[in-house]
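As written in TrEMBL, here are the features:
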BINDING   R27, H34, Y140, R187  heme b binding site
Amino acid sequence: MTETLAPVAPVLPSESPLTAPLSEQLRTATRPQHEHAETRGFVTQLMGGSLGRAAYVDLATQHHAIYTALEATGVRLAHDAVAGPFVMAALLRVPSLEADLELLRGPGWRARAVLLPATAAYVERLASITRAEEFLAHHYTRYLGDLSGGQIIARLLQRHYGMTPEELTFYAFEEIPKPKPFKDSYRALLDAAPLTPAGIDAVVAEAKVAFDLNATLFTDLAPLHPAAA
């Protein structure tokens, strides 16, 4: 007697995030951390017009230290097979931040700059990076965020605090006139990066850390600039 086997259901492609492109994994896996960071009181009040110019100046000062560390790490990893393609002159923000702070804080601003504990921890994390996976995580978190929301932020700062474009060149990517195609190419570059599954997991894990570091920075800034009554 021949045994009849039950039909086997076809195996469908897995929808697990483990098989998704890296750019998609980063977007979905970091969503809770991203939302937590962007809804900190300092951010919502600054963007809502409840604070003052000084609040943004303090944020820009912290950003200068953070981007200085990130871009120095990029120089160290410029010849790495994974990290190297992401080290792009068009994205560098330190020169713009320095020009902005020269206007916002005046000559000699570096000597008066005070770094918050959260900034010091953030800078230490960036300076300690030795792996391309960690660099990619912070690179993605900072630069893609700047390209995605920077123009909106600049408009809000101009509207609420009367800031000029010359004071906000940090948000102006002169070599990237069309952010959308650039961001699409950037995501494609992420997806094509020669990473192992463990390497992909490391990028995603470090990106969560990056968002948490930003959230902590905003928390540190909040007591310095209580919302206007």
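Yeah, the Cβs are placed from backbone N, Cα and C, and that goes for glycine too.
On the structure: features taken from TrEMBL.
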residue: R27; record: heme b binding site; DSSP class: helix
residue: H34; record: heme b binding site; DSSP class: helix
residue: Y140; record: heme b binding site; DSSP class: helix
residue: R187; record: heme b binding site; DSSP class: helix
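Annotated heme b site R27, H34, Y140, R187; additional same-chain residues within 8 Å of its Cβ mean position, judged by their own Cβ, are S23, L26, T30, T141, L144, A207. For R187 (heme b binding site), the same-chain residues lying six or more positions away in sequence with a CB closer than 8 A to its CB are P21, S23. Fewest Cβ neighbours within 10 Å among the binding-site residues R27, H34: that distinction goes to R27.
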